[in-house]
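Read through the structure below, which is laid out as structure tokens, and then see the notes.
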Amino acid sequence: MYPPPRKDFIALTLSDQHSRSYNNGKHRRQSCWRKWKQLSRLQRSLILFLLALLLICGLLSYPSFSEQWRGMSDRAVREDWDEDWERGLKPIPPGVNPVAGPAVGPAVGLAGGAVGPELGPAVGPGLIPEVIPEPQRPKVIPKPPAKKRPFPNKRGPPSLQKEGNVSDSLVKPAEKEPVEKEPVEKAEEEEGEKPLVSWRGAMIEADEATEPPPSAHEKDGAVPPVPVNPEDTAPLAPVSVKPVDRLETVREAFRHAWKGYKEFAWGHDELKPVSKSYGEWFGLGLTLIDALDTMWILGLKEEFEEARKWVETELSFSKNVDVNLFESTIRILGGLLSTYHLTGDEMFLEKAKDIGLRLMPAFKTPSKIPFSDVNIGKGTAHPPRWTSDSTLAEVTSVQLEFRELSRLTQDPQYQEVVNEVMRLVHKLPGKHDGLVPMFINTNSGQFTHKGVFTLGARADSYYEYLLKQWIQGGKTEPDLLEDYLEAIEGVKKHLLRTTGPRKLTFVGELNHNRFNPKMDHLVCFLPGTLALGAHNGLPEDHMELALQLMETCHQMYVQMETGLSPEIAHFNLQPYDGRDVNVKPADRHNLLRPETVESLFYLYRFTKDTKYRDWGWDILESFNKYTRVPSGGYTSISNVRDPVNPGPRDKMESFFLGETLKYFYLLFSDDLELLSLDKYVFNTEAHPLPIWKSPPV
């Protein structure tokens, strides 16, 4: 806006309208000034406004001023457009009509960790990172359009980002550009790079929006002529789609975990990935032995060979160390037996014989119910310091391994001691419609702490091994089947409930006839076990219950902010809308457990419903986003409800390699004969053992 003209100049100009000469005298000037002062303020303002308007119109009439005015307008539009580019929005270039084309989803990558140990945080959920090249910005900006139409810029969690996208696929550009991941500050300074944004505690890359290909006129910056005949326009080329290699993603996850173990914890029991150190439990290389058959199944021959060499040259059980009978049986004995069956390597069988014999002193008790702890160097056994009880799940979940050891060695002592335990438990009083208490005394052989019934910790694998022993032995042991069927009926009668909001079926606990809507994540083994029983001819309603419980275990993941299940969930029984799953602060940790993935594997094998694969993929993405440690390994976390600070616990359990990643691989494999469930039965640590062709002796 130009400044208003001075009052004396305006007065002189007005007086000139009534006189032809300025020199008519002082009297006339004073007369005009008096007339101007006699005008009202409104009249004077109107006169000034009209003069200013005439001045502006005169300036605009000159071509040079006009071109300058339009240039200023174009620059403003260009600056506005540049701001849209920086925000990730891509408006339609001026003068170009949108061209219909196939909907293409954003290029996204594996959340939480890029494929390959050298890459930094990945860019989104679901796919191997590749980037669609950005189109060149037009150098000349024509007149701005009447209305800008920015294309959608989709951001959000994995489940939301998949909507409208090609399922588990990636657009393959004609020319790929290398992905360079920079910090947020550098990314914003580099032209053409997409800014990083934070979603649920992980750094992900802003997605590219889909837009029509530029025309030749648009590239030249010219206004397009009259549209051509659509019949003369060449059709768009089909979009090539590259499916995600989920199996390779599992292999990469294993390699990343193995990298941390090899570098910071080689030969020790467990990796502490955050502190880049290790933890010892028994001092027997638990993670390495637990992972042997996983490496063989995944085809990781190089990693397997270096682990085999350690077992052959470094593993010794002649140590003055106490080990837990149950844990060393399912992880070490089970892992060695399974690897022997897969490879045919006699060295693994010899190691299995060694540890099996050293565990036998645990069964030398007055009641023949084994002690919980064994010193494998001294050949002595004892209960825990604080009690003479053993956990029921532990004494009834070593049978698959000891029975198989007897079959391979033709030495019946191993099978005899574990079969005796099952015979004693079969006849014991104190059961509640097939449900058993959690503890049993090693002196009296009787149940203790009666009245508490759960399918969670300290009881879970008792029910699992009833069915699996029956299958392992060729379905010839009726007592095992009888106990299993009775127990499932007891679960239906006493422990089964549904939530108020979404009617989710879950398994709670019974404490002296009082129901507690509490369910451990461990209970998520049950859908797979029920499905396995139905596959082997048990009642069809077992499969129906398996499908319902599988949905509940899935909801234990998706209703958490990190997409990972808590260790323990409490379910809402109230009939009003709200969250089905409630989690107490002390129960919010996640230990990288396998039970839900295990059941997804069974359900997919028996139903072929691909949703179970998709659910498993979502879980793997969440593990990669919230538990992957850049230097190698995965860590358990403290709070699945806090995606910003999930709280790494600095521990990678051996079962993450022995069970979780193995079940992921089997879930995603199209080879249904890979460890066929008609030929193998998995122990409770996911080590496959063969189903016997002839009945047990």
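Quick reminder: no glycine exception, Cβ is built from N, Cα and C everywhere.
Checking the candidates CYS57, CYS524 against TrEMBL, the cysteine paired with CYS553 through a disulfide bond is CYS524.
Taking only the Cα positions, the spacing between ASP460 (active site) and CYS524 (disulfide bond) is 10 angstrom.
For CYS553 (disulfide bond), the same-chain residues that are 6 or more apart in sequence and have a Cβ closer than 8 Å to its Cβ are HIS521, CYS524, PRO527, SER565, GLU595, THR596, SER599. Long-range Cβ contacts of THR684 (Ca(2+) binding site) within its own chain (separation 6+, distance under 8 Å): ILE330, SER397, SER461, GLU464, TYR465, PHE525. Other Cβ atoms within 10 Å of the Cβ of GLU595 (active site) number 24 in total over all chains.
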